[in-house]
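Following: one structure in structure tokens, then a few remarks.
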Ligand code: SF4
Ligand code: SF4
Ligand code: SF4
């Protein structure tokens, strides 16, 4: 509680004189004034306790006091607290304290109160009249007060929502400017200027509530919304009082002053400069045309100028020299020039949003912060707040949660040029995607039963490809087909993959037991997952080469078991498909090549942010008629509106099933468009890309060693074979890195050439290796496919005799038809594949690099060199 000494307040005089005889007024008022003490009560602070006997006269100046009993007693401005108990000398029945904010009271201590009452007997009579209903003029006074607050209410600004958040030099400077304006004792006008979405009205509110006028009312008027009625609203018209008259010495905030009707600009200028205004003659409410700016007067003669003590604050998105020159200018910097503040703002907003939605404490991951910092926020703080609000809507759980980057999406991601939604002309396709058949029935009514038999065949059946139907399927069908599908349907294999079906079976069983599965450790798997899967893939490739997996059935079976075990273990502990999103080596390869696809699944971000409040596509949830089905949400924790590439979408169509707004589009697009537009490059993904290129060379190791004039017997002993294979797998990445280094060196040298002028010699840096190296991707895909075309075209067509051989009918199977082509067709297709891959790689390199060919020469030569070497190995 804060106590101030004070001269007798005008307010008290007004209240008390309203009910006393004029002759007694001044003397009684003076006596009260001399005795009064002012106290400020903070929110919730008690002034009286139950069972206490009240002896002081206590009046409310502003704010509100409330009792604790039901119904509570309420005392507002001008009212005497517990007057009845005071007069009757009774104990009060409840605690009484400030409610709804701080309150100011006047207290006349018991001794002074008794002395005044003895000296002025009218006071006791007056108080009895007030206490027992004879309110008379006091009621009138209160009514006037109520009218004032009622008129102000639609415009009142309660308090600023927050201060200036952030520690950048811009935020620091803004805080300083606001503080200086708040401390301006002359109460000069302030002009707050900045782009949309910068919460300029909040900055203005900070000026008012940081000043010593903070207890005066602050009213806000939107000049754009008020239109031609602005002058009538502010100054009054006819008999109607204007806002300035009600506001008194408060603060007037003119929002969007750059949009004020031009006809009002002169009057606003006068108000800001001199504090003068004149009410209009007619009310704009009854006039269809804008009220003329003619001052009202008694007889239609001269203007009736009035003076307003109100302080004027203005906000604007554009410069308004006529007003700005009369005020202190505060410029609010856009968010894009102070990205250092984004993290602080985002953390604040996500905590607020989580609290509003009744969620537990929410924290942002480092990746999420980086993701936000990479965006320019054209709509500034408002946009950031709505993004965080949307993100919080997608969170679930009852423990503290880490907010991953996947729950953010930005409006600018929707670039629909050259994209064509296939679901409109092909409604049957949409019906399939929304049906239980895709992929639930396929997975759990078919594959779940066939897969164990397949693995058993590999483990216990004949061990070579000519006699094991399973091995033939594995290496001659599955592996080539998976590469053929990438450019068309990206990662669709993962929608029907048997490895994960068993992961899901485990997970469903655990959930049925009532187990609460763990949340993903986003930070660590995001950081180490891609490297883990690369290392696992590298190990598998060495294993495949040295132990000849394509011709050793039980080892191929073990490979499947290992990947399935990974999926099952992760699903045992963690929710959804952690293994598929971050750890599976096949999934990593699928996600990478899916970026080349000519199709994509996306949601329209505008519909998601404008029409959706459930985000069932991401979170999962119950049925939302008429279209939304009950689902568990995206198994990979991807939101279809924020996908920037195909890496983390397996086309399982859970989101399409869940969306009640029919907002999913399965689109045809320019193949690989992600790679030069929105995709996020990953170092570990590039390592995987070059390892896969190395794998094609490793598959032809004896020829390669021969070409390099090395002893082909190196590949005979296990140890050297492992070492050489590993080196060959790693070599293409090193060569590509070297080529990039050469390009950088050439750039640097050209900048130092003696003939280069200052401007010309300035080094223009190319794209970093991390981005540019994705240009190799078509070649790696084409090289791998060219390698697997050989078993696909030369062996897959023998499936019938191989099946017969598997069941011990080899002799009989010799008569079964086969479909294999002679080597020339395969060679032709392999050559075409390689040349196309090389050409696409060159074009993609140019597109990503966005530089002249000459500047990209080392990388282009590397592409051609890799192609030539593949050609000699695949087409000897
Ligand atoms: S990521 Fe791996 S386990 Fe998951 S669905 Fe794809 S291939 Fe199967
Ligand atoms: S895709 Fe559908 S369910 Fe998901 S956020 Fe958008 S509108 Fe909502
Ligand atoms: S975004 Fe949709 S289709 Fe893609 S993985 Fe998630 S739920 Fe499946």
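Cβ from N, Cα, C; glycine included.
According to TrEMBL, the feature transmembrane segment maps to residues 555-574, out of the candidate ranges 555-574, 575-594, 595-614. Of all ranges given (772-790, 791-809, 848-866), TrEMBL attaches the label transmembrane segment to 772-790. Only pairs six or more apart in sequence are counted, and the transmembrane segment (722-743) with the transmembrane segment (524-543) gives three or more Cβ pairs under 8 Å, enough to call it a contact. DSSP states for the domain '4Fe-4S ferredoxin-type' (640-669), grouped as helix (H, G, I), strand (E, B) and coil, give 5 helix, 5 strand, 20 coil.
Residues 467-471, 473-474, 496, 498, 501-502, 504-505, 553-554, 556-558, 560-561, 806 of the same chain lie 6+ residues outside the transmembrane segment (442-461) yet bring a C-beta within less than 8 angstroms of a C-beta in it.
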